[in-house]
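Visitor: Mind having a look at this structure? Questions to follow.
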Amino acid sequence: MAQVAVSTLPVEDEESSESRMVVTFLMSALESMCKELAKSKAEVACIAVYETDVFVVGTERGRAFVNTRKDFQKDFVKYCVEEEEKAAEMHKMKSTAQANRMSVDAVEIETLRKTVEDYFCFCYGKALGKSTVVPVPYEKMLRDQSAVVVQGLPEGVAFKHPENYDLATLKWILENKAGISFIIKRPFLEPKKHLGGRVMVTDAERSMISPSGSCGPVKVKTEPSEDSGISLEMAAVTVKEESEDPDYYQYNIQAGPSETDDVDDKLPLSKSLQGSHHSSEGNEGTEMEVPAEDDDYPPPAKRPKSSEPPQPPVTEPANAGKRKVREFNFEKWNARITDLRKQVEELFERKYAQAIKAKGPVTIPYPLFQSHVEDLYVEGLPEGIPFRRPSTYGIPRLERILLAKERIRFVIKKHELLNSTREDLQLDKPASGVKEEWYARITKLRKMVDQLFCKKFAEALGSTEAKAVPYQKFEAHPNDLYVEGLPENIPFRSPSWYGIPRLEKIIQVGNRIKFVIKRPELLTHSTTEVTQPRTNTPVKEDWNVRITKLRKQVEEIFNLKFAQALGLTEAVKVPYPVFESNPEFLYVEGLPEGIPFRSPTWFGIPRLERIVRGSNKIKFVVKKPELVISYLPPGMASKINTKALQSPKRPRSPGSNSKVPEIEVTVEGPNNSNPQTSAVRTPTQTNGSNVPFKPRGREFSFEAWNAKITDLKQKVENLFNEKCGEALGLKQAVKVPFALFESFPEDFYVEGLPEGVPFRRPSTFGIPRLEKILRNKAKIKFIIKKPEMFETAIKESTSSSKSPPRKINSSPSVNTTASGVEDLNIIQVTIPDDDNERLSKVEKARQLREQVNDLFSRKFGEAIGMGFPVKVPYRKITINPGCVVVDGMPPGVSFKAPSYLEISSMRRILDSAEFIKFTVIRPFPGLVINNQLVDQNESEGPVIQESAEPTQLEVPATEEIKETDGNSQIKQEPDPTW
């Protein structure tokens with residue numbers, strides 16, 4: 001095909017126009033042939049020269065390659081011109097020996113220049129992380145010499161285009177080429193604005209490259225503008241700019257043509273041809289990860305925005321749509337950053353091993369390098385990058401470190417530092433990961449600081465034995481109880497508040513620390529006396545005291561109103577589970593709008609206050625007193641006469657529009673004469689306060705619910721027994737010894753349970769979890785590592801079950817009943833004496849959960865600046881990852897609501913209670929920090945009163961459903977993802 005183009009050169013001037021038409025026609029035919037070859041997966045590149053016109057045809061990749069190599073085109077044009085001149089001269093005169101010798105020298109120097117240029121292209125491509133040659137932007141490098149540095153050139157030889165070197169210099173460079181290398185400090189992105197020589201683009205090429213951009217990214221690069229006089233240099237420069245775009249993607253997982261195609265999508269030709277400097281700068285900021293912007297962990301919402309150029313859309317709808325569709329791929333990003341961190345980690349370990357002359361795997365003591373920067377440091381890191389763990393770097397810094405890996409060197413001036421601490425590091429830092437290493441270190445430092453504080457506190461009291469420091473009292477009375485000698489800008493707090501840097505600073509100045517106690521009597525006051533002075537602080541009143549007082553007040557209101565409904569003069573405790581189980585016969589009217597009837601323990605401060613303000617309107621309606629008689633004290637139950645229950649007009653729904661007739665409740669007086677009659681009227685609901693509660697109550701059937709949950713519990717128990725038998729290699733089911741699984745979780749555990757569902761007795765689960773377990777039964781598997789212990793437990797349980805049963809008295813006083821409970825999700829159950837052991841375990845688990853919940857509440861209150869326990873919004877913390885970070889959790893135990901934690905995990909949490917710390921990284925809506933509400937759009941969010949007490953704090957209402965232990969659930973369990 002090249003011969004066809006060359007054969008068109010020797011033509012006469014009068015035949016120029018006709019020959020041009022012939023050439024155009026033949027080039028179109030050649031283009032068609034290239035398309036057919038492309039269908040057979042053959043790649044073709046063709047350069048044709050006719051007079052001053054240059055034609056580039058071929059397949060897509062062939063054209064792209066030729067257009068990126070300006071030197072190929074120049075060399076071919078130059079070769080054709082020289083050949084034509086040589087042919088003319090050969091016919092006119094004979095070349096002399098000197099001329100022949102000069103010709104040989106010219107060929108030799110041209111060959112050497114070509115060799116040097118190819119080697120420069122290879123080195124430049126290697127610096128970009130590519131295995132192919134990449135054209136060197138000589139003009140840009142000479143204009144901006146700090147962007148790319150060339151090392152290894154012979155002494156006295158400056159870097160420039162090989163055309164400017166003489167024969168001796170070229171030979172010298174080739175002799176020393178092994179030491180030549182390119183170091184890219186800043187990639188080139190801005191396209192050139194100057195046009196070079198004139199190159200004519202014909203209609204054949206226009207038809208070959210569609211302006212619509214539908215032929216793919218490579219075609220867009222060679223698309224001409226409306227001016228047919230676009231130069232050869234401009235076309236080549238445009239392609240070279242695009243080839244340099246992926247400078248920071250050389251470590252990407254994907255490679256090959258798809259990588260360049262993605263980059264080509266980012267730089268449409270219309271911007272480069274128009275010479276738009278600003279648009280190119282916009283692309284530079286959006287398409288590259290600039291090292292200065294080293295966000296270690298870019299959020300997913302940030303990256304997709306950067307993939308869309310900020311300039312107005314160009315006239316290429318196909319490409320524009322393509323760019324908008326591109327979204328952040330977290331999996332690809334995660335795989336990429338993980339791979340880069342692994343490479344940098346291996347690089348650091350290899351360099352560190354070389355520095356200490358060790359063989360085999362080594363562990364770098366990063367804390368030592370940070371605490372002894374003069375004696376232990378690293379040289380050769382890129383400018384602006386400190387030496388840290390690779391897990392703290394982002395992608396740009398990781399790539400820059402890998403580019404400079406040959407220069408990196410560990411400098412160890414004092415080897416004794418490594419030897420003296422190596423044993424401590426191995427003892428205190430588990431090798432299972434960064435998190436365990438950090439946990440061990442901060443735990444040790446906090447314990448040291450706590451011991452230091454206890455010792456100094458005891459010295460201030462005149463004692464020689466260490467005493468526990470009452471940190472809350474120091475915070476409550478900063479003028480009378482304070483600490484001197486702490487490092488600058490470090491307040492006195494519990495050690496659990498401090499991070500590693502502050503803990504180390506406190507230990508360094510431990511000798512200067514002094515506790516000042518001006519009023520020792522404050523340390524002996526009771527809790528109520530201590531909290532009294534705090535009522536004048538901005539918090540105004542302790543939240544825990546306040547909500548407890550309100551709940552007690554609402555409880556008294558409910559008890560009094562319930563007694564009035566029964567015609568009694570004394571307050572009677574309300575059996576809340578019975579009211580929920582029988583909403584048609586037992587309900588409450590007059591509650592504030594939107595507040596259902598529940599135990600006061602379910603309500604937060606805002607709803608409790610609304611109930612207290614509207615207490616005069618509250619009225620209990622009891623249509624079937626016999627339902628509640630068994631829950632009344634014996635003396636009270638005998639005073640209620642239930643004869644009025646036989647009225648035929650009674651069973652009307654409270655929601656009907658007709659009036660509900662009165663029922664008479666006869667109450668015997670003290671002298672058992674003159675009975676009193678109190679009329680209880682149930683008018684139609686008008687304020688809609690119980691609207692959200694009544695429909696749910698009418699739909700709820702306790703009998704159906706009880707039958708369903710009993711059946712599900714039996715199925716799950718049978719499933720567990722079958723899986724337990726399979727684990728022992730038996731065909732029959734084996735009763736599961738749950739106590740053994742709870743006592744030895746390392747040797748006996750269950751795999752395959754649904755996420756968020758712990759292994760417990762089926763009787764402790766609600767309907768949602770039971771159904772999830774049954775749906776997941778194929779994956780459930782029992783792991784029994786000690787069969788002999790298991791068999792012993794089975795035999796003991798079998799022998800105990802065969803013992804003669806004790807005589808059970810039918811009297812209700814013999815059985816242990818769960819009376820006095822208030823929560824809606826607890827029903828009254830009767831537990832035989834034989835199950836006392838199981839009850840004690842359930843009670844123990846419940847106590848552990850309460851202790852862990854109290855611990856989390858106290859720590860969360862400290863984190864938001866309250867200084868008192870605040871209910872932890874577990875669900876909001878779960879659905880807003882990264883907003884609240886919990887430090888100090890034991891290794892292997894993740895932060896969850898206590899109802900989702902195993903007994904062993906809760907015990908470990910309580911053991912590490914002093915080290916657990918909540919940190920609010922990014923507040924979520926509804927969170928109160930230092931009396932400031934983050935977002936008041938929450939329906940039950942915190943309320944700040946402005947009328948009576950402008951500084952009194954409202955804490956979000958605790959309306960969330962809690963799971964309870966034992967056989968004590970009446971309502972459907974909440975979503976276990978909470």
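Note that Cβ sites are derived from N, Cα and C of the backbone, with glycine treated the same way.
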Visitor: Looking at 11-18, 67-74, 299-306, 971-978, which stretch does Swiss-Prot describe as motif 'Nuclear localization signal'?
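Guide: It is 299-306 that Swiss-Prot describes as motif 'Nuclear localization signal'.
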Visitor: Looking only at the repeat 'GTF2I-like 3' (436-530), how are its residues distributed among DSSP helix, strand and coil?
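Guide: Across the repeat 'GTF2I-like 3' (436-530), DSSP assigns the residues as follows: 54 helix, 8 strand, 33 coil.
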Visitor: Mind checking which of Lys467, Lys871 has the fewest other CB atoms within 10 A of its CB? They're the recorded sites.
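Guide: Looking at the recorded sites Lys467, Lys871, the Cβ with the fewest others within 10 Å is that of Lys467.
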Visitor: With every protein chain in view, how many other Cβ atoms are within 10 Å of the Cβ of Lys140 (SUMO2 cross-link)?
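Guide: If we count other Cβ atoms within 10 Å of Lys140 (SUMO2 cross-link), we arrive at 18.
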Visitor: Lys841 (SUMO2 cross-link) to Lys871 (SUMO2 cross-link): how many Å between their Cα atoms?
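Guide: Distance between the two Cα atoms comes out at 26 Å.
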Visitor: Counting Cβ atoms within 10 Å of each candidate's own Cβ, which of the recorded sites Lys414, Lys841, Lys844 comes out highest?
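Guide: Per the Cβ count, the most surrounded site is Lys841.
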Visitor: Taking just the CA atoms, what is the gap between Lys844 (SUMO2 cross-link) and Lys140 (SUMO2 cross-link) in Å?
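Guide: Pair distance, Cα basis, whole Å: 75 Å.
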Visitor: Counting each residue once, how many in the repeat 'GTF2I-like 1' (103-197) are helix, strand and coil under DSSP?
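Guide: DSSP composition of the repeat 'GTF2I-like 1' (103-197): 46 helix, 8 strand, 41 coil.
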Visitor: Just to verify a number: CA distance, Lys140 (SUMO2 cross-link) to Lys414 (SUMO2 cross-link), in angstrom, no decimals.
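Guide: Computed Cα spacing between Lys140 (SUMO2 cross-link) and Lys414 (SUMO2 cross-link) is 45 Å.
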Visitor: What is the interatomic distance between the Cα atoms of Lys414 (SUMO2 cross-link) and Tyr482 (phosphotyrosine), given in whole Å?
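Guide: If we compare the Cα positions of Lys414 (SUMO2 cross-link) and Tyr482 (phosphotyrosine), the gap is 40 Å.
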Visitor: C-alpha of Tyr482 (phosphotyrosine) to C-alpha of Tyr377 (phosphotyrosine): distance in Å?
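Guide: Counting only the Cα atoms, the answer is 39 Å.
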